[in-house]
Structures are given as C-alpha cells and as structure tokens.
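Q: Structure below; questions to follow.
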Amino acid sequence: MKVAVIGAGLAGSEAAYKIAQAGYKVDLYEMRPEKQTPAHKTPYFAEIVCSNSFGSESLTSGAGLLKKEMEVLGSIILDVAKEFKVPAGQAFAVDREKFSKKLTEILENHPNINVIRQEVKTLPDADIIVIATGPLTSEEFSKEIQKITGSEYLYFYDAIAPVVDASTVDFSKGFWADRYGKGTGDYFNCVLSEQEYEIFYQELLKGEQVPLKDFERAVYFEGCLPIEEIARRGKETLLYGPMKPVGLIDPKTGKRPYAVVQLRKENIEGTLLSLVGFQTKLKYPEQKRIFSLIPALKDAEFVKLGSIHRNTFIQSQKLLKPTLQLRKKPNILFAGQITGVEGYMASAATGIIAGINVARMLEGKEPVVPPKTTMIGGLINYITTAKNELQPMGPNYALLPELEEKIKGKEERKLKKAEIALKDIKEWTKEIESAVFI
C-alpha cells in the first residue's frame, strides 16, 4: 500500500518517521524551498518559526507532561531537540537551525522515507494520506482541503478569546443564565458595576498590543474585531457588544447588571470556560492584568490567552474521529496545527498518533485512541468533541479528568494527574503492541 505524508513540519516529520520505523515506505512531501511561506526562511523540516522554546519541562505544566508522554511514545523531534538544547531555565529551548538541519538529515537519509520537494495542489495517488500542512497551508492546497472537508469547516484566521480554568473562577461574583431566560443557563455572567466597568474600559484602552504581521493584515476585514478595537469606538460600544447586559437579571439584586462578561463552556466537562467575544491582540501580560480586573476573574488562571492571527485549521469536532481519521474518508488522517491543536509539542504529538495509526492500518489492525487521562488523549478528545466552534488549544491540565480523590493544593493535584497520565500512557503503549514500538 502506498502512503503519503503532506507537510514536513513537526507533525509530518513525526508521522513519517513513525511509519518508516515500523518498516513501511512513505512519501514525505514538502513544498519548501520551492515555495516558501510568509513565515519560513529555510529549506529544513520542522523549522521553528516563532519562539525557540518547546515550553516548560516542569511536570506541573501541561507542556511538561506532554513531553514526558511523547518520550514514552518515542519522539524523533524530542530526541533531536535534546542534542541541541540551549540553557533557558525551566524551559526546553533549542538551537533552532541546528535542530531542524539535523532532523532533515535523519529523515532524508532514512531508507523508508522518500522526500518529494514540491507543492501538493491535489491529493497524491496514495492509499493512506496524512495531511500535516500546518497553519500556513498554501492557497492551492487549502482549496483541495475545502473540497475534502467542506468549505465551511476550514478556517483561515484564529480569533481566539482567552480561556480560564473553571476551578479558579469566583462564581460568587456573577450568575449562570441565558439571555431572556432562554436555554438551560449555559453562560456564566461575570457582573461589573459602573465603576468596575469604567476602570476596566480605561485600562483596556491603555493596553499594549501585539503588532500585526504583514500577512495578517486582512484579518480585521473578516468581521472579527479585537475587543480593544471595539472599545476605541466609544465608551459605551462594549455595552452594546460583548459586554451587553440586555436580557439578564442578576438574581442577587433583581436588576439588570451594568455590564457583564459571559463565560461559556469550552469542553463537555465544563472545566474550561472562554470569555465570549473577547478575541484580542493585547500582549499576554496585559491580558492577564486587564482581564483580572473583572471581579469574578480576579484570581483566575488563564490556560489560554487571546489572539488574532493567520492560522489554517479545520473544525475537527465535525470532521475527525478521535483516531485523527476523516470520518467520511478514513484513509485520510490529519495531524498538527491544522487539526486545532496549538503549539510545537501538541502538533508533534498528534503526528506521533497519526503515524502510529497509519502503521496499525498497514498492519491490518484497528487505529487507536490514547487514554483521556493523558495529555495527548486530552488534547485529541478536546479537538474532536469541542462543544462550539473549535478554537485552537494547547496542553493544559484542565483538559484532563477531575481526580476521584480530593487533594489539597493546585500543584499537588497537577502532579497526581501527571502520575496517572504517565502510568496510563505506558500501559497503553504496551497494550497496542505495534511495530512502531519495536
């Protein structure tokens, strides 16, 4: 059977290597350097285009746990990265050029990997295909993905609102309700008085913003204004927009609040809550500072901060099985940021799972899904079951199930979840008995 992996980024590199290591031939397509993206500069695979950090190594961070799980599964990205690690405190940082160059050499010289340097415009002739073309997928291949998935399921921009850990919200500073009493009370309304709104509004206007890159300039014309841009249109504009209190009565006062910030469940379990309509270009420290002025969020832990930037990704919850296979065409798998995961390690992790599942399909075995108790499993569960429109997500502990036993202390709870995750990923690896682990 013929196998093709499209895109030699972090996810595509992991997938191709897993398939090749299992003893199967794979065509790995990469359009660079024949055709560059606006962000890439080199011809190397898995080029690190933003920060050179792969995130914290601490087990109390989602990124730290994810890397430990990837080590258990065998990650070529991490193996190479360790050779070119640079001092960065608790973070895992790499010499980006040496890392990408070495990885490229390994994949190009692998006897089972046939590297094809050309832009893919239509699906190649192959029995099994992994699409891992990333956030800057070419225009031509984006059209092909639209044909495969349906145009309404392919997004070209992130307009991401911040997401908080529900367990850190002060629920005494608001109430659950839908507007006009409709629905089942799915929104938590963070209440602000006139004075609190005034302070919030003034700080929002002062907040430092991230400048848009040239290739992101068109985003504002997509009808998705950042909250700070709405605020600049006038002091009361937010009160008729994302902070409008109409149709809501505070049960404590029996009156309509002056302003509200609505929180909506991001996952089925309700452990993640997003700030509705709060997409923003504010710098990260500014977001934490300003959004913490909302009384209910004074001590909230932000597991994801807002952004607006160019990012091609599919609505995986409508399209993918938890095995990363396309529901309607299970011989096509997706991996990496195009699935709606965010960050280097999350992208690489989905590539590992896609590679494992392709190898299993070639072995005549059923594709598999990692346990939801693991960070990899939690991420895949999130992107394939998101309640509303999928907004990209990176590794964080709110993706994992709540503990059955009560443990005091946030760090202690995270460490217990990490212990369970590592035990479960090791057991799962033994259970699936695939050639990829030989």
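Using the three backbone atoms N, Cα and C, a Cβ is placed for every residue, glycine included.
Per Swiss-Prot, the features are:
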BINDING   GLY7, ALA8, GLY9, LEU10, ALA11, GLY12  FAD binding site
Q: Around the C-beta of ALA8 (FAD binding site), how many further C-beta atoms are within 10 angstroms, looking at every protein chain?
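A: Result for ALA8 (FAD binding site): 32 neighbouring Cβ atoms inside 10 Å.
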Q: Pick out which of the binding-site residues LEU10, ALA11 has the most other Cβ atoms within 10 Å of its own Cβ.
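A: For the binding-site residues LEU10, ALA11, the Cβ with the most other Cβ atoms within 10 Å is ALA11.
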Q: I want the residues beyond GLY7, ALA8, GLY9, LEU10, ALA11, GLY12 whose C-beta is within 8 angstroms of the mean position of the FAD site's C-beta atoms, in chain order.
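A: Neighbours within 8 Å of the Cβ centroid, excluding GLY7, ALA8, GLY9, LEU10, ALA11, GLY12: VAL5, SER13, GLU14, ALA15, PHE45, ALA46, ALA132, THR133, GLY134, ALA335, GLY336, SER347, GLY351.
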Q: Output, ordered by sequence, the same-chain residues six or more apart from GLY7 (FAD binding site) with a CB under 8 Å from its CB, or 'none'.
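A: Long-range Cβ contacts: TYR29, GLU30, ILE131, ALA132, THR133, GLY134, THR137, GLY336.
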Q: Using a 10 Å radius around its CB, how many other CB atoms surround GLY9 (FAD binding site)?
A: 28
